[in-house]
Ligand SMILES: Nc1ncnc2c1ncn2[C@@H]1O[C@H](COP(=O)(O)OP(=O)(O)O)[C@@H](O)[C@H]1O
Ligand SMILES: [Mg+2]
């Protein structure tokens, strides 16, 4: 029974990783561009949540809305003002600019919030759990997060496949050069894609803040988890990121069960294994 | 080749400048203070790392943010060999590099399944795997690392002055050697291959395969030489920990910023970058995080203004090219 | 006709791919309602004119006037909004979109006019049954119909067609070209690039011929002889003497 418990924990953790991955995957899908600062933006969202709710004492619901709003705005403006200028055939400039952003964000957050590790408490919810028959107990918080993750992915699905904007985003992913000939403003569409991705990042960051301790240097490993979930799931597949996240989550939780120091390593190793045996990922849709 | 009229040519200014610099650096143990010497050693090691990253990213387009994998592996293998194999230190260093090169074959094979920006992050994952594995070896101190035993250090030379001198000339060899090797490579038929890589990405199938092979070999070669430098760096530090050995900030961020700010895709760029980096650092010793923020902002600025970096700006102002790479093959 | 009243007026157009110059001073004028054919051998620069006109290639500083406004240097999506739509070379449908989505996306610029999904399905009834298929799962001819429909969905005043007959069977070409008068009837002017000279001459009210980035001939089809066209097209002296017969009848 213990292993069933472990498996459930892993799956639930996978929901969070799927959220990490969805933003990264969305930006790559639309713009063929990987944001190295992705993890640092997740941590930035976590600090925003901390500031609004813990420091300023706002109601959590208000805090969540504010974080999503602020992150979305940063995403839209950042794309239009900075990133659109460096996107092109040469992959070095976007990698470098976002690598630079990553360093700036990490050290900026260090200056503002210090290196102390932080957490946003959600009160009784932190420890509540739901007992199931057969000695199984599911933490209320992980379960809630998993449900929210599913909700966000479902929302993205509706957006992509049932709205005019989603149609434009998929078209941009297919052939960005043609989109202006359809009347689409590429700079604006790119910025909207980043805005949506940043909204997802905001939710991911809020969850991170409520789930574990975080500090200014927590971003890079979140980037790596996101990246691994994307590759495991298969490039360009929305629900693939969920599968990728779950595989990664289960691998980590099982690894931790074997040895506490083995949690992250187990996730990386499973990722490398899948890269070797199935480089296109579990549900590939798009070529890298 | 046309037969130009024979004229007596003066040695170009650039050759004189290079020669003077080399002599000046070679004589450093005789004029520099211990602090200066240490700083020069560090700068020369950074120069070697920067030249290698530049070879990889600037000439073959393989952008890695995981070169710390090889710095750290070189350091750890060197420590292991020095402590447990009984090999003399000066032998253990190249052996560690060679072993790293061997390991780079299977690792590269995995990393090459990813392309472009995903390759970059993949190399980072691999470096993390190395770090986490290194932390599992209790013989090498596990997560808290280990120091090189005194008797092992003393086997290099008994007096501290002599040890400094030996270490300095290793650093000198690494720094100058990296420049010379890259220069020679660019003037050989490899230089042509690099031009082909830059000009024709989705070329024909057969060229495509050959390009892949060249890229792979460059990946392995830079891994080995990065490991060699890594071994030296930790010989100089005398202590290694997983976090220091596989630090993404130290061995990727700094190196990448050095190359990019100095000028990617040129031999002069990394040299310029190292000089800038160490100059800035001497001013910014107590800036803390602001120093890193400044570097990050500079790198972003370079990408927005001129992606060829400071060297390209200097060149357009009439500074002569120091290292001609197209002597045999005019483009 | 004063130049300012011209519907489309291009003066001394040049274009470059890196250091390579593809166009050397092209002049082109169209009136509203015209169907202009641009002919010329492979590599003559025909598609390059369209790419510059639509803003796919930078056109800053050039002299291009459309419906009285200078459009050179404007971003492509604004040129599209001004009423120029293109059926690109090789169709370039969006592979992950269905036929209907491909058509709908053409209307992203939200221009008003006679064209709608229903009107497109009326023009190309084949597409109606396949509207939920993937855009690239159709036959070549049907894909071309989607590409044309997608361009029409923006209700353009000027429709640019780049080699719509390429790779299609004569019967399919005929089917597609039967749409041309219907499109014109709804008030759209057309600029078509064709390798099939006979086809071009049959629909065009004006024709220009390009050769290595320069205009080698221009006029009304009925005024041009076959020999003139052959010379302009291939850059060679024609074998037979100039007979001055109208070209359409001979080709
Ligand atoms: N993307 C490109 N890069 C470089 N040269 C190009 C490119 N596209 C076209 N050319 C060159 O420009 C010239 C005109 O091309 P194009 O306008 O496509 O000719 P066509 O008349 O067949 O449509 C040709 O010589 C072609 O080789
Ligand atoms: Mg063409």
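Positions of Cβ are set from backbone N, Cα and C atoms, glycine also.
Predicted automatically and left uncurated, TrEMBL annotations should be read as such.
Residues of the same chain lying 6 or more positions beyond the ends of the transmembrane segment (B:12-31) and with a Cβ under 8 Å from any Cβ of it are 37, 40, 44, 164-165, 168-169, 172, 175-176, 320-323. TrEMBL lists B:12-31 (among others) with the feature transmembrane segment.
Feature annotation from TrEMBL assigns transmembrane segment to B:43-62 (among others).
Under the heading transmembrane segment, TrEMBL lists B:69-85 (among others).
Taken from TrEMBL, the feature transmembrane segment covers B:166-186 (among others). Within its own chain, the transmembrane segment (B:166-186) is flanked in space by residues 22, 25-26, 28-29, 37, 40-45, 47-48, 51-52, 54-55, 59, 90, 93, 156-157, 194, 225, 228-229, 232, 235-236, 267, 271, 323, 325, which lie at least six positions past its ends and keep a Cβ under 8 Å from the stretch.
Within its own chain, the transmembrane segment (B:216-235) is flanked in space by residues 45, 48-49, 52-53, 55-56, 59-60, 62, 67, 69-75, 77-79, 89, 92-94, 96-98, 100-101, 103-105, 107-108, 111-112, 148, 167, 170-171, 174, 178, 181, 245, 251, which lie at least six positions past its ends and keep a Cβ under 8 Å from the stretch. Per TrEMBL, the feature transmembrane segment maps to B:216-235 (among others).
Under 8 Å from some Cβ of the transmembrane segment (B:255-280) lie the Cβ atoms of residues 39, 42-43, 46-47, 49-51, 53-54, 57-59, 65, 67, 179, 182-183, 186, 291, 294-296, 298-299, 302-303, 307-312, 314, 321-323, 325, all in the same chain and six or more residues away from its ends. Residues or ranges marked as transmembrane segment in TrEMBL: B:255-280 (among others).
The transmembrane segment annotation in TrEMBL covers B:287-305 (among others).
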Are there residues at least six beyond either end of the transmembrane segment (B:43-62) with Cβ under 8 Å to its Cβ atoms? List them, or say none.
25, 71, 119, 171-172, 174-179, 181-182, 185-186, 194, 197-198, 214-215, 218-219, 222, 225-226, 228-229, 232-233, 236, 251, 254-256, 258-259, 262, 264-267, 269-271, 273-275, 277-278
